[in-house]
Amino acid sequence: MKSVKKKLYITILTLLILFIISLFYGGISSHTISPINISDINKVILYDLRLPKILTAILVGTCLALSGHLFQLLLSNPLAEPGLLGVSSLASLFVMLGAAIFNYINIRYDVFFLVLSSSLGALLAVTIIFQLAKRLGQYSSASLILSGISLTTLISAISSWLIYYSDNTQLRTFNLWLLGSFEHVTFFQLMFIGLITVTVTILCMCKSKELNMLYMGDQNATLYGLKVNKLRKYMLILASTLAACAVALGGVIAFIGLLAPHATRIIFGHDNRLVLPMLVINGASFMVFIEWISRTSMSLQLPLGLVTATLGGPFFLFILFKHFKNQGL
């Protein structure tokens, strides 16, 4: 128990330290702000530029970490995460299509339609992946990942056509969605999507005991009275909603849904009553760190997707080789 408490304190302290560093250092030529003496210009930098991005990073990190863990658990696949499964890509495509349609008919594309279109795309992606895997005759790791890659490839082609025929304003917006960015996120969007995220997170935590039973396998869990198929469908909807919220705020950001869950399970084990709350903190920490790196590593702010791909790609290969080695492949 003492060991768990110590890990908990360190995890929370890590997030607080990253929050403070990200808030007072970085961006605008690595401009450092002293918390003791804050001028009017520095207040603008803190409250109008940095704080919204940090809060967005916390929300997006939470969504990606939780959705990644749920996909891995529900699909019995350690490689599953919204980006690799094509969930984020299709959600982003629906957002771009919605923006193009609303712009054409001259109607304001507000946050409600943003989340709605993103959620529809995410749910459709999960449905398509299951159908493709079913066609292959199994729900193995290989079939699910291949289905996700196939879907992502198709979506990339459609997105490329959409970008090719878009005007200059839409082109910049679409590129931001595809590369991952926290630019132009408003406090109203943060409040609206934050409310959805908190609600879905609580719903997930309420099912932590039932989720633990899935580790026994479907047959054993059914013998203990768990309605496995009903739980899986319900949790997949929640996982897709979380992935959609992440896309609605920041576009396509891969590998956070892979890195954070694996790191959290290594530190805290597999009990979802502990893992789910810790995923909120660790996911937020990962994303705050990535956002800080993206605006301090070079003179221009790097796309978030580029940073996560650089850091997450090698980790994905490690997990991939480890997984297939354990299966004797």
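Backbone N, Cα and C define each Cβ position, glycine as well.
Among the features that TrEMBL reports, transmembrane segment is placed at 12-34, 54-75, 84-105, 111-132, 144-165, 185-206, 236-262, 274-293, 300-321.
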Sequence-remote partners of the transmembrane segment (185-206) [C-beta within less than 8 Å, at least six residues beyond its ends]: 52-53, 55-56, 59, 62-63, 66, 70, 111-112, 114-115, 235, 238, 241-242, 245, 248-250, 273, 276-277, 280
Positions whose Cβ lies under 8 angstroms from the transmembrane segment (300-321), at least six residues beyond its ends: 27, 78-79, 84, 176, 178-182, 250-256, 258-259, 262, 290-291, 293-294
Intrachain neighbours beyond the transmembrane segment (274-293), with Cβ under 8 angstroms and 6 or more residues off its ends: 4, 8, 11-12, 14-15, 18-19, 21-22, 26, 53-54, 56-58, 60-66, 69, 182, 201, 204-205, 208, 253, 256, 259-261, 263-265, 267-268, 302, 304, 307-308, 311
Close approaches to the transmembrane segment (111-132) from elsewhere in its chain (Cβ under 8 angstroms; 6 or more beyond its ends): 82, 85-95, 97-98, 102, 139, 143-144, 147-148, 150-151, 186, 188-189, 192-193, 196, 236-237, 239-241, 243-245, 247-248
